[in-house]
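A short worksheet on the structure shown next.
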Amino acid sequence: MATLKVPAHVPAPSEDAEQLRKAFEGWGTNEKLIIDILAHRNAAQRNSIRKAYGEAYGEDLLTSLDKELSSDFERAVLLFTLDPAERDAFLANEATKRLTSSNWVLMEIACTRSSYELFNVRKAYHARYKKSLEEDVAHHTTGEYRKLLVPLVSAFRYEGEEVNMTLAKSEAKILRDKISDKHYSDEEVIRIVTTRSKAQLNATLNHYNSAFGNAINKDLKADPKDEFLKLLRAVIKCLTVPEKYFEKVLRQAINKLGTDERALTRVVTTRAEVDMVRIKEAYQRRNSVPLEKAVAGDTSGDHERMLLALIGAGDV
């Protein structure tokens, strides 16, 4: 459920490339034209524009954008223009760097992409960084975080809807026993959350709820200050109700003293073509304010216009 507004008649990639080149030439950059084109083309169309641009002008479109744009607007345009797998590879690599380190971004990519999407992220990572995502995550993390994150980014879960109820019941009991004993990073807990299909996990967690009278994430709140438990709860949320996870990331980014522009930009650019409709509904339900209004109140200028175009806020 995406909100991306692609016009009924889309110009040829070579025409879009020519228009973008015009936007870069002359006095000052035509930011509106850049938004009008790139924020209203799907991933395949953006890839074709990049190819046409490179062939016509001998320079990668991303390089030209990097020269012409700056700050939060530049980051939003560059992230959205990237192919989704390339984009995730870039974000994951950034998350393994000391100054931009984030276990949350790694978890988010591993748990909210389909098995095939995550596989393509790993391939894109190989191509761009000449090493594997798994080795960088393992090198960047330690202890229980490494124990959880390496299998998450390495996963290739079954994508079907088939569910084994006997297994769901037995694994719900395993989870309950380990959580009751506060063995949160036990290898059985890790095995279940990092290998089972999303459908199977849903069945297991539904059984957990009905058999033990509590949602698993309530039981994982035993120590509210425990950062590993926070991450584990987010894993469960991402695998079962990703729109609620993204709503919370957006709410926290917007409500923070001084907006967290990176988190806001990451969620909007990565979800615009996926589940933005559901995220907007979740945001409205939780905050009684439309997401567009919250974003408009917290951002400005071209960055605001780019984000609103991707959220699908009418005519921007």
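Placement of Cβ uses the backbone N, Cα and C atoms for every residue, glycine included.
Some features that TrEMBL has for this protein:
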type    : residues                                                                   : note
BINDING : Phe24, Gly26, Gly28, Glu68, Ile254, Lys256, Gly258, Ala296, Thr299, Glu304 : Ca(2+) 1 binding site
BINDING : Asp298                                                                     : Ca(2+) 3 binding site
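For the pair Gly258 (Ca(2+) 1 binding site) and Asp298 (Ca(2+) 3 binding site), the Cα-Cα distance reads 9 Å. Within 10 Å of its Cβ, the residue among the binding-site residues Gly28, Ile254, Thr299 with the fewest other Cβ atoms is Gly28.
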